[in-house]
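So that you can see what the record holds, here are the features copied from TrEMBL:
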type: DOMAIN; residues: 24-189; note: domain 'Peptidase M12B'
type: BINDING; residues: His123, His127, His133; note: Zn(2+) binding site
type: ACT_SITE; residues: Glu124; note: active site
type: DOMAIN; residues: 197-284; note: domain 'Disintegrin'
type: DISULFID; residues: Cys256-Cys276; note: disulfide bond
type: DOMAIN; residues: 429-461; note: domain 'EGF-like'
type: DISULFID; residues: Cys433-Cys443; note: disulfide bond
type: DISULFID; residues: Cys451-Cys460; note: disulfide bond
type: REGION; residues: 501-537; note: region 'Disordered'
type: COMPBIAS; residues: 525-537; note: compositional bias 'Polar residues'
Amino acid sequence: SCCVMLMAESVFGVGSMNPWHRPFYRPLSVRVALTGLEIWSDQDKIRVDKSPSDTLNRFLEWRTRELLPRLRHDNAQLIMGESFDGTTVGMASQSSMCSKDRSGGVNVDHLVSVLGVASTIAHELGHNLGMNHDTADRRCQCQNEPRLGGCIMEPSTGFMPGQLFSSCSARDLSLSLLHGGGMCLFNVPQPEKLLGGPRCGNLYVEKGEECDCGLLDECNDPCCNATTCKLVPGAQCSSDGICCDNCKLRTGGWMCRQPLGECDLPEHCTGASPYCPPNVFLQNGEPCEEGASYCYSGVCASFNTQCQMLWGPNSTRAPSVCFSSVNKQGNKYGNCGQMPNGTYIPCPSKDVHCGRLQCQGGNDRPLLGTSAEILTTKVKFNYSDFVCRGTYFHLGDDVSDPAMVAQGTACGLGKACWNQRCQDVSLFGVDDCQSKCNGHGVCNSNKNCHCDVGWAPPDCRSTGHGGSVDSGPARAPRGTSPFLLLEAETGGVGRHCGPIQRYPRTGPNRQDITPPTLPKHSPHTTRGISSTTNLPS
C-alpha cells in the first residue's frame, strides 16, 4: 500500500505542527503543515514500479488530474513500501513548490527508522523548494558531524540520516524565494484544515485559541499567553501577524507584502485580521515586459534574465538562428525534451524557442554548479557570424536541468512555451480583464479583479480604494489613518517607493522575442525530475 501526504508550507513563520519536521525546517523559518493524508489500502491509484522517474511522473500527473481538484494543498509526497532500482529512496521535481503540475515527490519507506523516512521526505521537499545537493565543490557548512548524519541535502545518506540543513540549503532557499519560486508560500494554512486536532503550542491559531506563540520556553510574543493561547489583557492581536503592531491591528490599507516583480500584486492589511492576506499575483498568460512577454506563476523573466542567471550579468539572449540550429539536433545539447526511454526529441521549427536556452556573452563558466558541459556553436546568418552558448547540467543523479527555456516564455505572437512546445496562450485560460474589470484593473491568480487605486472590487465599476477581494483594500479609507500609501491617482498598482507599476494590456508583438519565467524546473515531465537520495551500497 501507499500513503499520500498533503502539505501546506509558509515562509517567515517558525516551527511546524509535525514533530518530525520541527528540527528540520525551523532554522529556515519555514512552517510545514500536514493538511491531508490518503492511504491507498485497496489498490494503488497509479502504477508503481522500479523506475523512480516513471513513478514520479505518474504520481504528479495523478496529483494534477485527481488530487488538486478535490483537496487544496501546496505539495504532495507519496510514501511507498516498494523499493526502486539501485539505492534510490526518493525523487522530486526541482524548484517546483508552487507549480500545479510538478509540486511533489516520491519516497521509499525503507523500514530502517521513522527518522530515516522523515529525513528523506525533508530532502525531497527541499528540492521542491529549490535546494540543490550539498556536493563537495560547493563547500557547504554543516553544523552536524558526518557520523551523526551530516546535513539533509547531501546526495546520499548513511544509516544515521541528516537532520539539519546546511548553509548552501539556506542560500538556495533564499535565491528561490527571491526569484519568485515561493509565490504560494506567503499565506498561513487554515487551521481547520490541519490534521491532528487543535493543540496549544503548535504555532497555529486553532479553534478555541486567540493566539499561539509556541511552547512556554520558546514564546517571545508579548501579546500572547503561551500557557492559555489567549491574548493578554488589552491586546487586539498577537505579534506573529504582520498586520499587528504593538498588539493593535493595523489600519486597513497598510501594505503588508510588496510585489516581488512585475507579475506579482501587493497585499494590504484588511483592518480586521492580524495576518496579511494570502499571496495572489497576475493570472497566467497576462502580458508583461511592455507586451513582449507573459506572466507565469507570478514571474515575468525575459530571455536576458534567464541567460544572466546562468552566465552572469553581461549575458544576453542569442538570436533565433541559434535556437533553430541547436535545438533541431535532438541531442542533450539541443532538444525539446525526452521520450520515456530517454531518447531526446528534436524541436520542430515551431518549437525551437522552447528547447534549450541559447545565450551570448557572460562568464566563461555557468554560475550554477561545476558539472556543466558547455556547447559553443558558430552560425552564419545574413552575412553575419553569431556565437551561441548553451549548457547541459548534471547536478545530481536526476536533478533537473535549469538550462531549458522556462515554462510560460513567449515564443511568438500570442504563443507561449508549455511542456517545451510553443502553444497558444489561450491554454492558460486568460480572462478578458478589460471587460471583466471595466478597464480599471487586472485579473489575479484567482481570476478576480485587482482594481486600480480609486476603483472598488469586485468589478472595478464604482469608486473605491482599489485592491481586490483577495488582497485587501489598496489604501486606508479617508480619515482613518495619517499614513497614506504613495500611489498614483491615475491608476495602476502602487508601491511604497519607486516607479508606479503599470500592466500592459497587449500581448507579445515581436516574433523574435521570447521572455518570462526563470527556469524553476525543466518543463518536460521526464526532465523535471530532481533529487535522488541514495543509501550506502
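Including glycine, each Cβ sits where the backbone N, Cα and C put it.
TrEMBL does not curate its annotations; it predicts them automatically.
Here the disulfide-bonded residues are Cys451, Cys460; the one with the fewest Cβ atoms within 10 Å of its Cβ is Cys460. Distance between Cα atoms for Cys433 (disulfide bond) and His123 (Zn(2+) binding site): 41 Å, as a whole number. Mean per-residue pLDDT, taken over the domain 'Peptidase M12B' (24-189), amounts to 86. Neighbour counts of Cβ atoms within 10 Å were taken for the binding-site residues His123, His127, His133; the minimum is at His133. Separation of the C-alpha atoms of Cys443 (disulfide bond) and Cys451 (disulfide bond): 9 Å, rounded to the nearest whole number. The recorded positions recorded for this entry are His123, Glu124, His127, His133, and the Cα of His127 lies nearest to that of Cys460 (disulfide bond).
Using a 10 Å radius centred on the Cβ of Cys276 (disulfide bond) and all shown protein chains, the other Cβ atoms total 24.
For the recorded site, Glu124 (active site), the DSSP three-state label reads helix. On the backbone, the CA of His127 (Zn(2+) binding site) and the CA of Cys276 (disulfide bond) stand 27 Å apart.
Note on proximity: of the recorded positions His123, Glu124, His133, Cys451, the one nearest Cys276 (disulfide bond) is Cys451, by Cα distance. There are 27 other Cβ atoms within 10 Å of the Cβ belonging to the residue listed as 'active site'.
Cβ-based neighbour count (10 Å, all protein chains) for Cys256 (disulfide bond) stands at 21.
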